[in-house]
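Novice: Sharing the feature lines straight out of TrEMBL:
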type	residues	note
DOMAIN	1-223	domain 'ABC transporter'
TRANSMEM	297-317	transmembrane segment
TRANSMEM	329-352	transmembrane segment
TRANSMEM	372-398	transmembrane segment
TRANSMEM	410-431	transmembrane segment
TRANSMEM	437-458	transmembrane segment
Amino acid sequence: SKILLKGISGQFKSGELTAIMGPSGAGKSTLLNVLAGYKFTEISGSININGQPRDMQEFKKMSCYIMQNDLAAPGLTVIEAMTFAADLKLGRRKSQSEKHFVINEILAMLRLSEVQDTFMEQLSGGERKRLLIALELVNNPPVIFLDEPTTGLDELSSFHCIDSLQKLAHFGRNVICSIHTPNASIFNKFDHVYVMTDGQCTYKGTSNVLPFLKSLNLECPKHYNPADFLIEICSGDYGSDLIEQMMIHVNKLPILPISPVKCEFEFDKHNPKVLRFDQFKTLTKRMALQLYRNRDYIYLKIVLHIFLGLVIGLLFLNMGNDGSKALFNFGFCFACLIVFLYIPMLPVLQHFPFEVRIMKREHFNRWYNLSAYYWALTIISIPLQILLGFIYLSIVYFITGQPLEWQRCIMFFSTCFICAFIGESIGYNIASIFNAVNSMFIAPALTCVTILTAIQGFGDSTPLPLYRTLFMYTSCIRYGLEALTTAMYGYDRPRLPCPVEEIYCHFSSPKEIFRTIGKVSHTAHILKDNEKMSFLSYLFDKTKRCL
């Protein structure tokens, strides 16, 4: 194992803009993660606030961490994003007029007023960086951490970003950011500079580093950026002995004592906790607006479900009421379950890893509780999923000639909807762990196993070994197949008509269908013994048998 930080010590003061600098791999981001509380394992030492040991739970309430990626929720304008952030962070303790006043003040300070009606994905890199800062300023945190806020920006955008941070610091906030190699104009904006090499501090002081370099018998060339010269020294371009001298000099510097202050967490008294239900309502509104704005996606899914309904319906045309085609109709039920497993799952695998990165940042900065996010995500997907499923099932159910009895229709539709929600849940679970590329590979592979285990025992009336039976009933598709088969042929359905040219129509009797496909045969007996058995009672009985 490698030690990333060694003997780090220092102070960061309110009203100052502090830069943590150093060459690549020096430990800038690691130190920032430790200070912000994003990394708290395998660390020794102490972090004090106003002379008192830091309480992590309380500290997170008074700080925010703006990470290096500049991801922002798509489909929202700047003013909408700020409004949702204010509702999530401030809740009911401020009126809407007070929230709008705070928002307008922040946008004006960060020079975002002119783009407040622009969608976030259309902002420039510098505007997006400043917007991420603006979103975190809604609840006025006194401590702000930023990981390389100028990465990917041109010189002008970088200058505007650091200039905005300097203004925030001079309003009394403690602003700490890591930065790689700022130009001279940006470097002079910092009140305090902390330079690192191989996890150790090689310089801490003001941005005027020339006196420090002179004490080491070094002179920065004329018309040369002092920050670049300092980074070159720390990279070893002038020898490792010089780096050792810098470390020795830094270690000799005294650390000014800070008298303990007991009122360090008064921030939380002015910002009481927002109700979880209010967070849920705000997140639901935000997700609904994002979904509404993504109308191309909705139209595409509607067209896809109509297309699949027509294709599958024509492939199994009029097989639902034909005794000679009963096994083909069983294949139709299987095809419907596969459609409702994969179609809701695949889009989630593509877009949710991106959403997870946004959610992690917002949750770490205490925008909302994860349970509020989960329920909002669950609720917002139900109406669209039901609409799309109803479109598809309305087409295939009638084209394939399934029985037009309301009990059977309800069973068939509800089983398919449950399968769709299961498929979507599988997608969310996998996409929350892996990136988009790995998710698109892992999820279909796992669901293939689910599909293959579902059809064990069909076509064989002999009992399966116990281990295969248990393995088989871990598949949600298995329960779906039995439920759909029961909906189509259970509940004492009369004999099915057969074509006149069929001399012997074996599957005209639904009992023969259950007997042939094997493990579902006991379903017929269950339904025969209790004709009024409901669909939920049947599922409950199946669960008991499985357990």
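Don't overthink the numbers, they just go from 1 along the chain as shown.
The backbone N, Cα and C atoms fix where each Cβ goes, glycine too.
Where the annotation comes from TrEMBL, it is an automatic prediction and has not been curated.
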Novice: Can you say which of 297-317, 329-352, 437-458 has the most Cβ pairs under 8 Å with the transmembrane segment (372-398)?
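Specialist: Result: 297-317.
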Novice: Using Cβ atoms and a strict cutoff of less than 8 Å, what residues sit near the transmembrane segment (329-352) while being 6 or more residues removed from its termini?
Specialist: 297, 301, 304-305, 308, 312, 315-316, 319-320, 322, 385, 388-389, 392-393, 396, 400, 416-417, 419-424, 426-428, 430-432, 436, 439-440, 443-444, 447, 450-451, 455, 476-477, 480-481, 484-485, 488, 513, 517
Novice: I need to check the long-range neighbours of the transmembrane segment (297-317): which residues 6 or more away from its ends have a CB within less than 8 Å of a CB in the stretch?
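Specialist: Distant contacts of the transmembrane segment (297-317): 291, 328-329, 331-332, 335-336, 339, 343, 347, 384, 388-389, 391-396, 398-401.
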